[in-house]
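All remarks here apply to the structure that follows.
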Amino acid sequence: MTSSNPLEIAQLGAEVLRLTAMPVENISAPETQQIITLMLETLSQSEGVGIAAPQLHVNQRIIVIASRPTKRYPYAPSMPATVMINPCITAHSEQQEKDWEGCLSIPGIRALVPRYIDIEATYIDLKGEPQSTRLTGFPARVFQHEYDHLDGLVYLDRVTDSRDIISETEFFKRLA
Ligand code: NI
């Protein structure tokens, strides 16, 4: 499905990316369902592997994780797009690992970001049912990246050495 009027993705500097998002109170509300539809649409039209509602200017705790190989992330493992409402991290590995991240809100840049390798999380699904999940590796990284958006953080805030920030052009040269 394509939208004739796709919502503009909030870019770094937009205030909404720096706010703490509010918990969703009514999952069946038309506004909630509409933003979820837009998030799924935006993901399918972009080469992203995840998105958070604040990136579409909606200050609500909703993320979509959609790890799959795309031009932006050719090595990403495939998993079905998963909508997570009011997500929480309930446990994580002690160990972190650095790997490359980018963000639709920060075009043209990639950076090495330390993230927990394993996480356990709870969330409410599209039907309003509570769910729990365990994620490892790349999907765990995507979750932590999107979750940060709900707390007003972007991945550059997690970078430990500014030398770990490179242009996307250089990133794709390294992949080749
Ligand atoms: Ni992002």
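Glycine residues also receive a Cβ, built from the backbone N, Cα and C atoms like all the rest.
So that you can see what the record holds, here are the features copied from TrEMBL:
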type	residues	note
BINDING	Cys103, His145, His149	Fe cation binding site
ACT_SITE	Glu146	active site
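The structure, with features from TrEMBL marked on it.
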residue	record	contacts (Cβ under 8 Å, 6+ apart)
Cys103	Fe cation binding site	Ile109, His145, Val154, Tyr155
Glu146	active site	Gly50, Ile51, Ala52, Ile63, Val64, Ile65
His149	Fe cation binding site	Leu17, Ala21, Ala52, Pro54, Gln55, Ile63
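Within 10 Å of the Cβ of His145 (Fe cation binding site) there are 23 other Cβ atoms, across all protein chains. According to DSSP, the residue listed as 'active site' is assigned to a helical segment. Neighbours of the Fe cation site: apart from Cys103, His145, His149, residues of the same chain with C-beta atoms within 8 angstroms of the site's C-beta centroid are Gly50, Ala52, Gln55, Glu101, Ser105, Glu146, Asp148, Val154, Tyr155. According to DSSP, Cys103 (Fe cation binding site) is assigned to a strand segment.
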